[in-house]
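Here the structure comes first, spelled out in C-alpha cells, and everything after it is commentary.
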Amino acid sequence: MSHLVEPPPPLHNNNNNCEEGEQPLPPPAGLNSSWVELPMNSSNGNENGNGKNGGLEHVPSSSSIHNGDMEKILLDAQHESGQSSSRGSSHCDSPSPQEDGQIMFDVEMHTSRDHSSQSEEEVVEGEKEVEALKKSADWVSDWSSRPENIPPKEFHFRHPKRAASLSMRKSGAMKKGGIFSAEFLKVFIPSLFLSHVLALGLGIYIGKRLSTPSASTY
C-alpha cells in the first residue's frame with residue numbers, strides 16, 4: 001500500500017475532534033510550531049481510521065522535519081563546542097604542579113626581596129633621623145652651656161703709651177747743669193764743629209764740579 005502524506009489539517013477538523021472528545025497535544029516548546037499537530041488515538045482507532053480513510057495517515061511535512069533536524073543538529077554542535085571550549089580553558093588555566101611551585105617560589109622570592117629592600121631603607125632613614133636628633137640636641141646643649149656675654153660694670157679707658165723721643169732737653173746733661181754745663185758743652189761744641197766742616201767740604205766739592213764744565217767749553 002502506498003502511504004500518502006497529508007498536509008496539516010485545517011482548524012475546523014481540530015474543532016470537530018475536540019467536540020468528539022479527542023484533545024490535540026500542544027506543540028513542543030522552543031520549536032516555534034515547526035511540527036504538525038496530530039490527534040493521538042488508540043491503536044485500534046488509528047487502524048480503523050486508516051481503513052476508513054483508505055490508508056491515509058497524518059505524518060509531519062518534509063519542511064517541518066528538515067527544520068527540526070537542523071535545530072537538533074545545531075543544538076548538539078553548540079553543546080559540544082561549549083564543552084570542548086570549557087575543557088580547553090580548564091586545561092590552559094590549570095598549570096602543572098611544577099609550574100605552580102615555581103610561580104609560588106618566584107613570588108615569594110620577589111616579596112622577600114621587596115621586604116628586605118624596604119627594611120634596609122627604613123633602617124637608613126631611622127639612622128639619619130637619630131643623627132639629626134643628636135645634632136639638634138648637641139646644638140641645644142652647646143647653646144645653653146655657653147657663657148653669657150655680661151659686660152663689665154665699670155669701663156676704664158687707657159691711652160696708649162707714647163714712644164720716648166730723642167731730645168737734648170731730656171738728656172742727662174741738661175737735667176744736671178743746664179745749657180752751660182760742662183757735660184753739655186763737651187757734646188755740643190764737637191758736634192757743631194763737625195757739622196761746619198762737613199758743610200764747608202760739601203760746598204767746595206760742588207763749586208769745583210760746576211767750574212770744570214764751563215772751562216772745558218772754552
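Cβ coordinates come from backbone N, Cα and C, glycine included.
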Pick from SER42, SER61, SER112, SER144: which one does Swiss-Prot list as phosphoserine?
SER61
In Swiss-Prot, the member of SER84, SER116 to which phosphoserine is assigned:
SER116
Among SER85, SER117, find the residue to which Swiss-Prot assigns the annotation phosphoserine.
SER117
If Swiss-Prot marks one of SER43, SER64, SER119, SER211 as phosphoserine, which residue does it mark?
SER119
Any idea what the model's mean pLDDT is for the motif 'BH3' (125-147)?
72
Measuring CB to CB from SER119 (phosphoserine), give everything in the same chain under 8 Å that is also at least six residues away in sequence.
none
